[in-house]
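If you check Swiss-Prot, you get these features:
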BINDING   GLY118, THR119, HIS120, GLY121, LYS122, THR123, THR124  ATP binding site
Amino acid sequence: MSFDLLKDINKKVHFIGIGGVSMSGLAAVLLNAGYKVSGSDSKESEITNRLKEEGAKIYIGHSKDNLQDVDVVVYTAAIPSDNPEIIKAKEDNLILMDRAEFLGQIMKGHKFNVAVAGTHGKTTTTSMISHVALSADLDPTILVGGDLDIIHGNFRVGNSEYFITEACEYKQSFLRFFPYVGIILNIDADHLDFYKDINHIKDTFKQFVRLIPNDGYIIGNADDEKVMEVLEVAKCNVLTYGINNGDIQARNIEFNEKGCATFDVFRNEEKLLSLSLNVPGMHNVSNSLSAVCLAEIFNINADSIVSGLSSFGGAHKRFEYKGTKNDITVIDDYAHHPVEIKATLSTAKKMNHNRIVCVFQPHTYTRTKTLFNDFVKCFDDCDELVLMDIYAAREKDLGEINSDQLGDAIRAHGVKCTNVHSHEEALEYVNANLSKGDLLLTVGAGDVVKVGELFLK
């Protein structure tokens, strides 16, 4: 089934799970274009209220009665097949599209589509790029996977040909997109509940590169061997970046006491500009270089690049400062893959703290099982680890893996690690063991953030 943003203006569109990060942005784009939009969600939220104010009809709870006078129904992979609205849509032969397919159709209505892909860093980099595009007055439409202060949420509807979005590889979603510029930040083994192995993942990224038209661009991280291998299939223009390799590089890197970098940006041997970031970590130096690459493609001037990147203070849940209590700093981070955790702890180590006490909640049984050995080795930079039970998310516990097994292996590896089995137990432990000057770092994509929030109360 196809959907044309420009031609199908009379079609009424219903979103199942309209309050979700990805769905709400799509609904907002349609509302701005003049569509009649409805949607359902399990609970009321700031997002559903915002969409209601913009003209959407919002239903709380899922029911077949919600599909009144509807032509198109959009759903996400998280919606089960026995959802009453899915069943009703099939019975009535309505156009039924998943989120990725629908987003791809919306992208067709824009000329300069930017799709930010990679295993790690998509939300942060999409946010950086959005800051630069807004600084340059490109008036872009933006869909980002987290709240971004400058756009007061997770989406912005612009009135130009520029469209900026994250491109998730899970279940090959991004192969439904129509990018003019693709960005690949990195490639690692993840989502192994869907992918067979790293070669399957690389093959999917190669398909993503082949989506880009010959006059388009692929931007890739030259410090990542797997990314460079994938770029070999490109028929479009190729622009690379990196700390140590690539067309665009960072040199003379220095970090301040907050772990934020100042550095010079070179294209080959020509100095383009100097940057001072307000987000910490070497990985964010790398992420910012991809934004510079995009700025080069769209002829954005140096002042707009500097202004955009220096004004970016981070996306929510990405090394987010939560508060300080008794001279103990609390930071929350979304990292849930061993590579991300290592980068987060490396960033924390550059800051001026006494000890780093990390509370980690593994995310999904599949990821914990398939990346077990990597998880064992990724906590070397913390002084103490508090390990919570696995957050199931979309999965069921088959009894194959648990946090106690992971904790035993981490302790055998030489890291001080304590297993806890609830937020209250985690809070009790950190209250008893934190000292002045320590950093409490909550890490994970589930609800581990509650530990830090409870501590600050």
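Cβ from N, Cα, C; glycine included.
Each residue in VAL116, THR125, LEU185, ASN186, ASN287 lies on the same chain as GLY118, THR119, HIS120, GLY121, LYS122, THR123, THR124 and has a C-beta within 8 Å of the C-beta centroid of that ATP site, without being one of the site residues. When Cβ atoms from all protein chains are considered, those within 10 Å of THR119 (ATP binding site) total 21, not counting its own. Cβ neighbour counts within 10 Å, taken over all protein chains shown, single out THR124 as the most crowded of the binding-site residues THR123, THR124. Counted within 10 Å of its Cβ, the other Cβ atoms near GLY121 (ATP binding site) come to 23, all protein chains included. When the binding-site residues HIS120, LYS122 are compared by the number of other CB atoms within 10 angstroms of each CB, HIS120 has the fewest. The secondary structure of LYS122 (ATP binding site), as reduced to three states from DSSP, is helical.
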